[in-house]
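Q: Right, I'll just put the structure down here and ask away after.
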């Protein structure tokens, strides 16, 4: 009963021909009833909500199709499936492309959710006349559960598909380049641990059958100075610094890099290519790479081995097949589909079952209260929305809101329409997001060298991997971590969109004091009325916001991501015990995301300092204040009982302007009117 009463104060009733006795409206409707209904639907909020629902259904269908296709083509192993296995560069490109697609879909889902939130909020908003969110503005308050359902599908979306790198262990030897021409009996092995003898024998067989790649010194350094070796195995350094041409020494051994072990080890033992480094480096190996490359260009590259130093002329690397994988997580795909289904179901339910027309725009509210004036708001024509926002309607409004008020002609700034709470929330979330990015930049040994800053987006680098004994080692744990920034951004997007919508709605509101125009409605605009914006924002704001949102979504996905490593031992066999799941990050992507985020924040703050077009009081997010401006026949100098307070019939369809109307007394009155109005006088009292 109470809920029905609350909704009654907000609903905008569908107007029949009897309610608007225009000479032409009834004729048009009778002549083409089907065309009229179609035109009404196409121009209404249900059409936009239906498009949002259709967008969710399309994304849901895509997700279902992907799931059926992926499960049918490959057997699952530990709840993971393989989409592609082979060339690591192709895996990286496919991974980048698919994440671009995922982020486009995420942006579409966010846009659909944002419209659905705006529709839902004003239909089921507590507080009767005094609303805590403006028409069409989504801001999570009393509908936190719906907010969570509508945003939940974006949380794990980015990690449903991830790449796995196949990494090889290898051994480094030194000797003459004639290894493949010698018989096994001629070979002389220097001091060498017996466990590495099979590695040398495999290198010898590869030399005999021609499966070694000859690499110049610079090519050799570039090929092996990598966090994970994906293309080559055992390595022969060609040198004359051996006893005879038949003599071969072991230089070093490189296992599959583990960030959990490396952060406890002294340099260079924890580095992913420690054999390249000087014996007692002051930092990580990456800091010495530029000097090593310079030595190679001057033909004086020296490698420091276990049993001596070797001047390297060239290299022979054992060529190995690439086994990088593009994978998906079945549990995460199912979670995304369930969340996507719930989101689509909510939006479809709203589009099909909602009989009442919600107040999606300020124009909807103006039209509603002009057609049915609410006498409880008489005499408060200059009460700003911020003064009564948050008061629960109990049948009486505090007496201070009945007093006449003085008009201030100086236009306020845009930010004044945004509550202090919303400003504080977006600032805190923005600081958390920026702080997390700065923390990631300082988490690795970024200061050790510039190599990490040259890394491609989403690429794996030893200095940009999260390390520590307490870090989760499961896919789900790392997925949650990698998607926390996406969740923060989704929340920021809703709040950012809500604040921007509040300011643009208030800007349009303030122009009613200067220009006579029809109100902007979300359902069946008639005569002078105008249709609402498709995305709840003017297009010159909405489209750039969607584009920047998609870019920022993708940058965040490349900033922090899941790293999966499948380890292979010296024999080229899988070594599951050395497998790795952690999170990596790309400093360049982080800095880019920070730059885009700071730009968006500065842009919003800059807009906030714009001044409104007039000094018209700001109703903002308060339907009480909007209703108070919709009494065109009221005169505060006369008793209410002596006045006909019903609005002129059909006034809501006419061009309207807000201003001071003629009264019989000293106390003025401001309202929306179809007739002539004057700009209120500064410091004059109005009620």
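Glycine residues also receive a Cβ, built from the backbone N, Cα and C atoms like all the rest.
Unlike curated records, TrEMBL annotations are generated automatically.
Computed from a predicted structure; not experimentally measured.
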Q: Quick check on the annotations: TrEMBL lists transmembrane segment for one of 303-327, 328-352, 353-377. Which range is it?
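A: Among 303-327, 328-352, 353-377, the range TrEMBL annotates as transmembrane segment is 328-352.
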Q: Please find, within the list 460-484, 510-534, 585-609, the residue stretch that TrEMBL describes as transmembrane segment.
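A: In TrEMBL, residues 585-609 carry the label transmembrane segment.
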Q: Who are the long-range neighbours of the transmembrane segment (539-565) in its own chain, taking Cβ under 8 Å and residues 6 or more past its ends?
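A: Cβ under 8 Å, 6 or more out: 96, 99-100, 102-104, 106-107, 110-111, 158-159, 162-165, 167, 228, 256, 327, 437, 440, 457-458, 460, 465, 475, 478-479, 481-482, 485-486, 489, 493, 496-497, 500, 504, 533, 579-586, 589-590, 592-593, 596-597, 599-600.
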Q: Any idea what the model's mean pLDDT is for the domain 'DUF6536' (45-117)?
A: 80
Q: By DSSP assignment, list the helix, strand and coil residue numbers for the domain 'DUF6536' (45-117), in that order.
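A: Tallying H, G and I as helix, E and B as strand, the rest coil: 59 helix, 8 strand, 6 coil.
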